[in-house]
Amino acid sequence: MQRKRSRTEYARALSVRYQKVTCSCAGSRSLDQGRLFEGDIILPDRQKRLIREAMEQIEAVSCLRFVNRTTERDYVYIDRNDTCGSYVGRKGGRQPLSLGLGCMQIGSVMHELLHVVGFHHEHSRSDRDEYIDVFLDNVQRGREHNFNKMRPFEHRLLSPFDMDSIMLYGSEFFARAPGLFTLLAKDGSRLEAVFNKKRISDSDIRRIRMLYRC
């Protein structure tokens, strides 16, 4: 989930260094040499292990690295609440990242981490209407911003639309009532929920490598 603004203080820190880069279907900030600086984790052990597993999966297929924070001024705090949410790319200073009990699935954690490193939702791509249908009338009130479509000049598309991307919501995500769909593929098929996904897709990996030149 993409944040609109910061709300709370955070229990754990990831300090992030960035350089200015316009990236594929993503924000306008990226990490300096792919380094994210992490501080003390004040979370239950099970949550810490899951977050670490998600980080290690991303590290294993890219040059992104999660390392200990020292004195970096720009950093991301992981919130201990029940929500999932992150800004896309760098905002500067103490930056919120919610990884509470409500998103303690490895797919959800990797989704939010890719927001941090600069990626928007796959269903926000400017070319999305060629591949999926978005039913804004079925979206919960106040959650509509998660389905905004970007304009072509706001991003670069490094690869074709990816139905398997960790950044693509499932068909019922943020639906205002049971049985309603917020997203469907053009052929009417349902999209897999992020929390059921166990890995980032091959296309996600290629985009990270292209963005960070690794």
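Cβ coordinates are placed from backbone N, Cα and C, and glycine is handled just like the others.
All annotation found in TrEMBL is predicted automatically rather than curated by experts.
TrEMBL annotations:
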DOMAIN    12-214  domain 'Peptidase M12A'
BINDING   His111, His115, His121  Zn(2+) binding site
ACT_SITE  Glu112  active site
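Secondary structure at His121 (Zn(2+) binding site), taken from DSSP and collapsed to helix, strand or coil, is coil. Under a cutoff of 8 A between CB atoms, and with a sequence separation of 6+ in the same chain, the neighbours of His111 (Zn(2+) binding site) are Cys84, Ile166, Met167, Val194.
Separating the Cα atoms of His121 (Zn(2+) binding site) and Glu112 (active site) is a whole-number distance of 10 Å.
In the structure as shown, the Cβ atom of His115 (Zn(2+) binding site) sits within 10 Å of 25 other Cβ atoms.
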